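Lifted from TrEMBL, the feature list:
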REGION    1-50  region 'Disordered'
COMPBIAS  9-20  compositional bias 'Gly residues'
REGION    166-209  region 'Disordered'
REGION    234-280  region 'Disordered'
COMPBIAS  251-264  compositional bias 'Gly residues'
COMPBIAS  265-280  compositional bias 'Low complexity'
BINDING   501, 504, 540, 543  Zn(2+) 1 binding site
BINDING   510, 513, 528, 531  Zn(2+) 2 binding site
REGION    714-748  region 'Disordered'
REGION    776-798  region 'Disordered'
């Protein structure tokens, strides 16, 4: 079978069979001529290639094209013109003709001949001679596409940032070739200093891991080039990067509102002097110091490291800890890679890692595919945060990507978090990773006292027990303010994020999307928290009343109330919706710090008390991970308290996570959670695929899977097939506050999207992904009507 004129020849590949090249694409159809039975050598005369001379050596380039349709997900073969022979090497960007359009892609191989039996066409041009796609990253992208049932093109779009021509011309010639890399630690003085800090007994590196059972052994193995895998329960506490030791004294440096390691060209690997000075003395969580120690050991062993964290504030904290550990920003040290920096800084950081100029990459989700040379360690912190789940197809999670990468590269793997997810516990239960945790006596010595103020305990207060801040919490905050700052964590950002009718208490909803109404300010009109539509003329649909009352109280209203209750005490507000935004750190001076989950600033010396308000709201979600998510957010805030401080959980939270917080036992809670999910057949004890879209389209996709042993759930109607993720720092609306439309909207509404869930045992997960991808490819080739979107291992099943 020959390729259509003007189209690159397919080299064979997954999903689609004869439908793949023969389906309609780019306005062209396959000619359907009979195969000659001979392979194409690529050695065509000038007349056969439009007058373009072809390369004498390896004349065929195999190209992964950036094509959206699933049935075209395979590499294609093209001829290499003689003028491009030197530049068209594996890993470079090229342009090639596909049908009637010119499509971008990456060369993945150079061949002496093609297994295609028809005519090949030449490449159009080489976009850049920079080999931005390494063989290791290509293998990783293929594995991720296979695990999530996606296309290679979709994963490559996530892995390789868009080209920035000006940045590409910077520092040309400074790349260290692979064969010239020394056996000694990279980075010269920085590497030697890191080696000293990692190997001296009792130094900052070993001290950071000494409290953990097996911690020093893990560090030694990383230093020696081994590939241990660990799930890590980090100790609470705050360190001062000026000394690399625990800072328990108030009065440290405060950089509230500052953004350490801001965006800009210098931030991606240039001179580090001013940035290091800005980060010097910054208080950081103890987990960041431990991460820096592990990275330091890896660098001292002559290998590179990759650290992925949920947001830019965590990136700044790890970078501050790395500066203190002797791995500064710049050549031979570390580089920051986050998407929010913009195209130029992101591409500059990517090239610094690609060219071997920076052995360490620290970044957010965008960095999980970074081409770190000689990768010896991957670190993921806070895997339960939604920012680590990719919102674009094929929706990979950083935890799975980095686990695959560690296995492929034979690199060490370290997964840590304030709490523990069921997925992290599954890694331990399967034996794939080992646990790093402190002994119980060590944990007691480092953790503050935790007390749960439930309605039963506060019953003696009478009517005052129903107050949002009961008298016991008020007294604890008042006493703690004599010694330093007090943190107040509030689940919701804004002023009044959810309101209801003041007379009959019917929930106030938007007339357009049925989302909950809220008040952004005390003097503002009601506004939908989903679509943003104003509802100034709202009246209750049940009783006609126009007055509103609060259902949920946000961080801004809480700060206002605390300011009245504690006169003369400074009140700091840290939230995405706050005027000053999210604060990075605060001083050790007495103050009330009101923050949303994930937006808690790090205090110098730690907080003297931590109040966790609205426990029922935080832990009352209906989604699958509601319990582990609530416990993780409580522990993240409580970890910033001093060892002699106290933590008060206010409200009737769910018993499981509340008791686990009092015991400071995220491992035990995650183990019970995993056991319950295994008994009920819920992920991660099983593999799950969710297909969402029009009813007929979903039925067709699911019907073609036909996997023995599969369990089909649904279809069920869904309100929003693509809900917006909750952002750290209080932005967005949590899952528990996104109820569906009123019941009347569900009646006889055949146009509503539906979702069907396929559930299979773990050992059939790869086959489920393969068949689902093949079914989507058939749908694409046939141009079936309607919409359908498939997702493997979704955060929510229904």
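Placed from the backbone N, Cα and C atoms, the Cβ positions cover glycine too.
Overlay of TrEMBL feature records on the structure.
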residue	record	DSSP (3 states)
501	Zn(2+) 1 binding site	strand
510	Zn(2+) 2 binding site	coil
528	Zn(2+) 2 binding site	strand
540	Zn(2+) 1 binding site	coil
Cα distance (Å, whole number) from residue 513 (Zn(2+) 2 binding site) to residue 543 (Zn(2+) 1 binding site): 21
Beyond the site residues 510, 513, 528, 531: chain residues whose C-beta lies within 8 Å of the centroid, for Zn(2+) 2: 511, 512, 514, 515, 529, 530, 532, 533
Residue with minimal Cβ packing [other Cβ atoms within 10 Å] among the binding-site residues 501, 504, 513, 528: 504
Residue 501 (Zn(2+) 1 binding site) to residue 510 (Zn(2+) 2 binding site) - Cα separation in whole Å: 13
Composition by DSSP (helix, strand, coil) of residues within the region 'Disordered' (776-798): 7 helix, 5 strand, 11 coil
Fewest other C-beta atoms within 10 angstroms, as judged across 510, 543, which are the binding-site residues: 543
Cα proximity to residue 540 (Zn(2+) 1 binding site), best match among binding-site residues 510, 513, 528, 531: 510
Neighbourhood of residue 531 (Zn(2+) 2 binding site) by C-beta distance under 8 A, where only residues 6 or more apart in the same chain count: 510, 512, 513, 515
Remaining residues near the recorded Zn(2+) 1 site, that is with C-beta within 8 Å of the centroid of the site residues 501, 504, 540, 543: 502, 503, 505, 506, 541, 542, 544, 545
Other CB atoms within 10 A, centred on residue 540 (Zn(2+) 1 binding site): 19
